[in-house]
């Protein structure tokens, strides 16, 4: 049976179930509305809504039916999510990064990444528990897995992604107590091919979305336990909220938006409790302390614990060592500084490496390549480089003498001191560190730094003065602990690792310049000597420089934040802007081989979300106008609108919190960054569809509840059929592109910017 035939039978069966569900739901939906409409007793709820609870509480399904519906909403995503999860059998998109990082956890190899560690640790754990040995290289997209046991990691990530559907159902139910709203919220997640694609691979996104959706559900569930404050269930849901938000921010810093959202809900709850004059102020204080423990202290403790495990597991040297300080590296097994011993003081003739103390800064580096034509003087390139190699090594010598022999024991040993004039000769190319009044390649207001001369012989522009931060004149320079600035003698500028990335002609290494402002005290002008080779001096153990856990925790965060801010698009890389995301402007290839997978949202759902978002804004204005005018209306109608506006207001706040901050970011952005916000938008659409159906059911030209059921089923079938049409984007496409008439996707390329 073909993919489309199988999907068609699946969708048809699901639609029959939907029609029966809506028919059963509508038999019960309006029972409360048949009660005495003269009842107008108001019930002011803690959330501030003016409700007529007995009239509108939607007892739409019995407890047994509710469990049956939730069971269906749990089983359906399993059918769609795990179908063809093993395909394609090659590395797709960012699996090359996160699969590799999972391997490093299994091998306990240290690495640098801009995200917190929990998601990558979980991927490593998934692989370890399912028999993956951590040896596959994950070199690039398209690489065949062959006999590698990769499937366990995909299945575990997919399992977490499939939980989004029941979480969405439960969240919408808790907000509205309407099974119709909950069912449509879940269907909009279930039948979005974008979510299907994003949660089927070895990525951080399914893990992040799992924790975000869990945080939202638990916070809403906790809110509904307010009438049973300080009971076991109250504490359980409050604690689970704290655990889920800790998980969200421990996977990606985007989880901070979820923390802020839950924090705003918490502040609103405390404000309402404070406004209850029947309770003493001590009652409010108890609520505040309970929330502080579970929503602040517990997440912080978990977050720190995840980092402790991360640093304890990754105890072997890897390719990310160079981003961290010398002291940090000294505690990594296999690093040249681990259990290392070297002279503490620096003598003339020593072979040294200089490390920038800028956050994530690399080593002062040079190589044989010259600056290209039109970029300052055509002399040897000087950069900073985050990885260790021989091109990071320099010989330090007096400004007016050649370097003394390292082995001649008859020569006196002279130490480098604060205030000395020195030259630095590159060990491999024998050219001196040099600067002049040419502009730097990227930071044009600063001077260019080059390698100049032959065999250590240059000119006066090679002379630098050593300045120890906080040191006294004549102090001896020491390894690691001395913070240095190198001040150019003639130009009176300071050697600086700017952190700006150079183009491909410099292999995308980082710029080194000479800063003309001597008052510049930024860490970009600070350096420390890491390696010091001088065989005639006694050695000192590096253990004395090892940082504590808290120092490593702080350093890790400064480097991650710096790395995030430095994420810029690479040449030829396809990126996107936030305004493009809600309109589904352009997708993203996950697999570009003959077997194509393309990340794109279901256009029926995404465009429908935008329409329903606009409808809600209109409803909100209409609701505010009626409240302001204090117009009389049916209590049941008003209560339903009150609850809809209240629920959707929190959902649109969640959407805004997870979407609008991206407009302020200077880092590179991708289409998949919108999917956390889409969770809220889809749930809002489900709630609004329910409100529209309830409003329609009161119209005279709807003759029966059966007609309403068919209307609901028609909307659901449209959503399901759109999934059937666009599902090959997720499950894989072969043959011609959609723009060609003989393509199976012909006619589905609704926008020219879609590339499938």
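Every residue gets a Cβ built from N, Cα and C, even glycine.
Automatic, uncurated: that is what TrEMBL annotation is.
When TrEMBL is compared with the stretches 110-140, 203-233, 234-264, 327-357, the one noted as transmembrane segment is 234-264. Annotated range for transmembrane segment in TrEMBL, selecting from 559-581, 674-696: 674-696. When TrEMBL is compared with the stretches 83-101, 178-196, 368-386, the one noted as transmembrane segment is 178-196. Most Cβ pairs under 8 A with the transmembrane segment (234-264) among the ranges 151-172, 178-196, 644-662, 674-696 are made by 644-662. If you look at the transmembrane segment (288-309), the same-chain residues 6 or more away from its ends with a CB under 8 A from one of its CBs are 116-118, 121, 230, 235, 238-239, 241-243, 245-247, 249-250, 259, 262-263, 266, 270, 549, 553, 556.
If you count C-beta pairs under 8 angstroms between the transmembrane segment (604-623) and each of 151-172, 178-196, 644-662, 674-696, the highest count goes to 674-696. The stretch with the most CB contacts under 8 Å to the transmembrane segment (674-696), chosen from 151-172, 178-196, 644-662, is 178-196.
Among residues of the same chain six or more beyond the transmembrane segment (151-172), those with a C-beta under 8 A of the stretch's C-beta atoms are 69-70, 73-74, 76-78, 81-82, 85-86, 99, 102, 122-123, 126-127, 129-132, 178, 181-186, 188-190, 195, 198-203, 205-207, 209-210, 213-214, 216-217, 220-221, 647, 679, 682-683, 686-687.
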